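One structure is given below, encoded as structure tokens.
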Amino acid sequence: MNTQILILTLVAAIHTNADKICLGHHAVSNGTKVNTLTERGVEVVNATETVERRTIPRICTKGKKAIDLGQCGLLGIITGPPQCDQFLEFTADLIIERREGNDVCYPGKFVNEEALRQILRESGGINKETTGFTYSGIRTNGVTSACRRSGSSFYAEMKWLLSNTDNAAFPQMTKSYKNTRNEPALIVWGIHHSGSATEQTKLYGSGNKLITVGSSNYQQSFVPSPGARPQVNGQSGRIDFHWLILNPNDTVTFSFNGAFVAPDRVSFFKGKSMGIQSEVPVDTNCEGECYHNGGTITSNLPFQNVNSRAVGKCPRYVKQKSLLLATGMKNVPEIPKKREKRGLFGAIAGFIENGWEGLVDGWYGFRHQNAQGEGTAADYKSTQSAIDQITGKLNRLIEKTNQQFELIDNEFTEVEKQIGNVINWTRDSITEVWSYNADLLVAMENQHTIDLTDSEMNKLYERVRRQLRENAEEDCTGCFEIFHKCDDDCMASIRNNTYDHSTYREEAMQNRVKIDPVKLSSGYKDVILWFSLGASCFLLLAIAMGLVFMCVKNGNMRCTICI
């Protein structure tokens, strides 16, 4: 019997660690959560607050011509009660009103006062010109104990016209003023309502009193209403102040027969200014452009949550206390367990798995290993490209939201309360709209930032893949296994986009042939082992059956079947 010995040899190819280059992005252990159009609470590496919540509790006036009215009410600068004597003419770009300020001395009110306040706040200061009115047959020196200087006096810019003697008839008079300047003029006059009919007769004589005022675009008649009223400043009478803006070359005419408080000077405005009502102190050592009743907002942010009635060059008021603007890429913190399990390249390519917390000098970068060791380097080109597109996002938001705000008070007269309610409702509605708009604007910018940074990562990955071509193989974790020896200079050429794949092509192709093209991962090893075992058993069984068949054929073995 011929004996044949068959030897089955199992050859295992062991692949040593190849040179590798991996791509990844910067990550931090604790990022900042922002909202995007599609998702809330997305963690990013960097974010900037866009809502200002801080304020300086002072009115900063450095570099400004500021005027603090103190006890003088804003409207008093036109009529001239004693407390406003030093403010009858001035120049300012910031007018500060105080709660203690009073517009009048003899009790009364300004008609349509809110509109007049707004005009004066924007005036930039005032200079004045005499009306040139002259009178005969009457007294022009009416005074009252309610307006005291060294003794009884009156409004500095007005003339209280009285009968020549008590109870004497007041003559019918007509006075006109023509505005000869090339700018509008503000004219104020008063209607005196006596405390009683007896007092009116004493001051202006008997009979009905009528005052008529007219210009090219204004016509109004006034009838005084004498009567008992509660005393204010020792007076039961009242003066209603009326006003009009007289255009250049226009003329206003006053016709009256008593109870008339005549203008002595008219007012002209100087440039532009801003007014603020506040009780906080003035600080000449700090600068500001945005003011509210609690102080100054000094911020370059596009939004603020300090005061809805801030005035000046202010951030938009929104209800949100925080709106974070992403200024960095999406953060996927490095996972320590993966790093321990897979070594240097365990936490590779953040756009696939997670980021690199050690990559601090760039947003994107490379890690490599070769015979000379391991290394990490930032990719400045892709980093700068992303930064260039993100830089200026805050400024663009500011450009979209910046607006000069003006103060509109809630101190409306009875006649103006409905207008005041409309203004307040409108202000609240605008706040609601801008709060929504701010949320949407920031979410859109955040979405764009995250998409942009992902795009730059993909561009870098594609750049490397196109360079290496068949000289390397992707491993689906952001790494490329290189099939040739790649020293530090070679790695640098890949990073710098100067790699020449043809130089290494022959070596790479030879090495690819030696390497089993099927890369076994732990998930497939058991399947291959069972397949190998089954194939070996089948081969042994086939050999045994072949030997039996040969023996039977040669007569060396007989098979008897019994039935």
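The first residue you see is number 1, and the count goes up from there.
Placement of Cβ uses the backbone N, Cα and C atoms for every residue, glycine included.
Residues or ranges marked as topological domain 'Extracellular' by Swiss-Prot: 19-526.
Annotated N-linked glycosylation site per Swiss-Prot: Asn30 (among others), in sequence order. There are 7 other Cβ atoms within 10 Å of the Cβ belonging to Asn30 (N-linked glycosylation site).
Residues annotated as N-linked glycosylation site in Swiss-Prot: Asn46 (among others). Counting only same-chain residues six or more apart in sequence, the Cβ atoms lying under 8 angstroms from the Cβ of Asn46 (N-linked glycosylation site) belong to Thr32, Ala326, Thr327, Gly328.
If you look up Swiss-Prot, you'll see Cys60-Cys286 (among others) marked as disulfide bond. Within its own chain, Cys286 (disulfide bond) has Ile56, Arg58, Cys60, Lys62, Thr296, Thr298 as residues 6 or more apart in sequence whose C-beta sits under 8 angstroms from its own. Mapped onto three states, the DSSP output places Cys286 (disulfide bond) in coil.
Taking a C-beta cut-off of under 8 Å and a sequence gap of six or more, Cys72 (disulfide bond) has these contacts in its own chain: Pro81, Gln83, Cys84, Gln86, Phe87, Gly101, Asn102. DSSP gives Cys72 (disulfide bond) a strand state. If you look up Swiss-Prot, you'll see Cys72-Cys84 (among others) marked as disulfide bond.
Residues or ranges marked as disulfide bond in Swiss-Prot (evidence: sequence analysis): Cys105-Cys147 (among others). Packing around Cys147 (disulfide bond) is summarised by its Cβ count: 21 other Cβ atoms lie within 10 angstroms of its Cβ, all protein chains included.
Following the DSSP three-state reduction, the secondary structure of Asn249 (N-linked glycosylation site) is coil. Residues or ranges marked as N-linked glycosylation site in Swiss-Prot: Asn249 (among others).
Swiss-Prot lists Cys290-Cys314 (among others) with the feature disulfide bond.
Per Swiss-Prot, the feature N-linked glycosylation site maps to Asn424 (among others); the stated evidence is sequence analysis.
If you draw a 10 Å sphere around the CB of Cys490 (disulfide bond), it holds 19 other CB atoms from the protein chains shown. The disulfide bond annotation in Swiss-Prot covers Cys486-Cys490 (among others) and is backed by sequence analysis.
What Swiss-Prot records for Asn496 (among others) is N-linked glycosylation site. Note on Asn496 (N-linked glycosylation site): other Cβ atoms within 10 Å of its Cβ, all shown chains, come to 11.
Marked as topological domain 'Cytoplasmic' by Swiss-Prot on the basis of sequence analysis: 548-563.
According to Swiss-Prot, the S-palmitoyl cysteine annotation covers Cys559 (among others).
Positions annotated as S-palmitoyl cysteine by Swiss-Prot: Cys562 (among others).
Looking at Cys290 (disulfide bond) and Cys105 (disulfide bond), their Cα atoms lie 32 Å from each other.
A Cα-Cα distance of 46 Å separates Cys314 (disulfide bond) from Asn496 (N-linked glycosylation site). Looking only at the topological domain 'Extracellular' (19-526), the predicted model's pLDDT averages out at 83.
Note on Cys486 (disulfide bond): other Cβ atoms within 10 Å of its Cβ, all shown chains, come to 28.
Cys60 (disulfide bond) falls within a strand segment according to DSSP. Distance from the CA of Cys490 (disulfide bond) to the CA of Asn496 (N-linked glycosylation site) is 10 Å. Put simply, Asn249 (N-linked glycosylation site) is 35 Å from Cys147 (disulfide bond) when counted between their Cα atoms. The closest partner of Cys486 (disulfide bond) among the recorded positions, by CA position, is Asn30; the full candidate set was Asn30, Cys105, Asn249.
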